[in-house]
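S.K.: Here it is, the structure, as structure tokens.
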Amino acid sequence: MSSLVTPINLDKINHSQSTVKDYILLMKPRVMSLVIFTGFVGIWLAPYSVHPFIAGIAVVCIALGAGSAGAINMWYDRDIDSLMKRTQKRPIVRGAIEPDEALSFGLITGFFAVFFMALCVNLLASFLLLFTIFYYICIYTIWLKRRSIQNIVIGGVSGALPPVIGYAAVSNTISLESIILFLIIFIWTPPHSWALALFCNDDYKNCKVPMMPAVKGNLYTKKQILIYSILLFIVSLMPFFIGMNNFIYLITSGILGLVFLYYSGSLFYDTPDNKQAKRFFAYSIFYLFFIFLLLSSTSTISLIS
């Protein structure tokens, strides 16, 4: 059953005093936490020595870069955020931060993130960070999100790059290992996002964002989730087969992947309240965190020293 969402008139908002918490929320802290963690794992797995201070600078720059992209995304999407139930409490929509302030904050934060990555770490990591911010804002947010059913698939490049940036921050190179880290997140993103779209379908229809369930229907979306889940299972085992991680990783990641497949299959038997989609979405977050925790704890290559 569709739930009516009352749109918020952005022109009639009574703007309040901004707080530090508002600016933290502007940077999408939940997304940022995943970016920081996967970026750190990329740093950890690079088979080179790096001073902890440099590693710390790299993590901070990755975090600020993600926050910058999140802030500019909220600035651009403030119109559709006002139409969606799950985004109506975002800082710009509720009047805690002016749109122009959010844009300025995002641009300045992004500039310093890229600048200090170049100054203190290396140019490759800085370029990758700049590319990630640009891709998320221009390719995903501005171009794809409102136009293409493949918005999440193609746009997922930006979300998959943090471990590559972290790896490059230490090694000053892009290797097979970092590409596999990229692929794990890249293939994980569509089923994760489409599960969210299944139980937020009314929101996306209301603001005319062409998410797959709204355009192709739930059954087609569930089939796509299953296909990507199978691909993810295969790719997640690759670190063992290239000698990147040990046998413990193979067994544990295999079990986690089978559970992921179970949840994706359970979507075909979901109830009208989308209980299975919500469970799958929650598990997908746990899955990615745990896979990257495994990648760092069962590595057979050098660590930070």
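Numbering starts at 1 and runs along the chain as displayed.
Just so it is clear, glycine is given a Cβ too, placed from its N, Cα and C backbone atoms.
Below, the features straight out of Swiss-Prot:
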type	residues	note
TRANSMEM	31-51	transmembrane segment
TRANSMEM	52-72	transmembrane segment
TRANSMEM	102-119	transmembrane segment
TRANSMEM	123-145	transmembrane segment
TRANSMEM	151-171	transmembrane segment
TRANSMEM	179-199	transmembrane segment
TRANSMEM	225-245	transmembrane segment
TRANSMEM	247-267	transmembrane segment
TRANSMEM	284-304	transmembrane segment
S.K.: Which of 31-51, 102-119, 123-145 shares the most C-beta pairs under 8 angstroms with the transmembrane segment (151-171)?
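M.R.: Top-ranked stretch among 31-51, 102-119, 123-145: 31-51.
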S.K.: I need to check the long-range neighbours of the transmembrane segment (284-304): which residues 6 or more away from its ends have a CB within less than 8 Å of a CB in the stretch?
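M.R.: Residues 34, 37-38, 40-41, 43-50, 52, 55, 163, 170, 177, 181, 184-185, 188, 191-192, 195, 236, 239, 243-246, 248-249, 252-253, 256, 259-260, 263 contact the transmembrane segment (284-304) from elsewhere in the chain.
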S.K.: Have the transmembrane segment (52-72) and the transmembrane segment (247-267) got at least three CB pairs under 8 Å, pairs 6 or more apart in sequence?
M.R.: no
